[in-house]
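What follows is one structure encoded as structure tokens, with my remarks underneath.
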Amino acid sequence: GFGMTTPATVGGKIFLIFYGLIGCAGTILFFNLFLERLITVIAYVMKSCHERQLRRKGVLPHNSRRGSGTTEVDSLAGWKPSVYYVMLILCVASLIISCCASAMYTPIEGWSYFDSLYFCFVAFSTIGFGDLVSSQNIKYETQGLYRFGNFVFILMGVCCIYSLFNVISIVIKQSINWILKKLDCRCCHGCQRKLFRSRRNVVMPGNVRSRRNISIETDVVNESDTDGRRLSGEMISMKDFLASNKVSLAIMQKQLSETANGYPRQMSSNSKQNGFSAGVGALAIMNNRLAETSVDR
């Protein structure tokens, strides 16, 4: 919304509210479908290049077929392209589209090339400040052709920038998880030292003291099956009783959730992944189609 065309009447504003709900939802669905197809094509091309590299190194045979039993399909069934390579490809594609669109805007609108690049980013990212708006002059030499080119560039640019933003969000999530993991390791060591100092005079069974650990998923104290089987004459405190019940309830909830969602799934060479199988939205598509780790595959 650049703001050059706005509803003036009350009926137009009410219509815009209801139309915007359907229109924005349909637009997001279109962008998600475009993202899924784009990532599928990029993953297919990168997988083909990866297979060629493996053939050159001699890891895969040159005369193998996709229909055979032990071929590269079996060995590369779970292969996914790195998110960093996809981000680089989308960056290059967005830059090429922006440069081509700026080359069109500069002579027709009379803007500088930098202002044209600025307009491309503001328009493609759907920010829409409205300080620069295309197709606002009274007359153009080829007005119909210019508006058609403007529509095509904005559509392609928004799709590429939308995909790029989702890839960058996954990279940001990886960085935050890495930072939290580092901080968690340092905090765990400090907490374990404080816990050891505070409980060094507490009398505990030897097997419980050695095998007790902290679970990240349940945030409670976990014990092994042998620790749960106490002797007949051994007393159990109310705190340990509540903690064991909490662990059992958390495990049961996790199993019910996995059963409802169809997890854990078995990976097979003939199974086809659906872009919306692990959730809904762009992040679910990216998580299914790309490798979220920085490990070279």
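Every residue, even glycine, has its Cβ placed from backbone N, Cα and C.
What TrEMBL says about this protein:
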type	residues	note
DOMAIN	88-173	domain 'Potassium channel'
TRANSMEM	14-35	transmembrane segment
TRANSMEM	83-105	transmembrane segment
TRANSMEM	111-133	transmembrane segment
TRANSMEM	145-165	transmembrane segment
The domain 'Potassium channel' (88-173) - residue tally per DSSP class, helix then strand then coil: 65 helix, 0 strand, 21 coil
Winner by Cβ pairs under 8 Å against the transmembrane segment (111-133), considering only 14-35, 83-105, 145-165: 83-105
Outside the transmembrane segment (145-165), six or more residues from its ends: residues with CB under 8 Å to it: 31, 34-35, 38-39, 87, 90-91, 93-94, 97-98, 100-101, 104, 108, 120-121, 123-126, 134-135, 282
Local confidence of the domain 'Potassium channel' (88-173) - pLDDT mean: 93
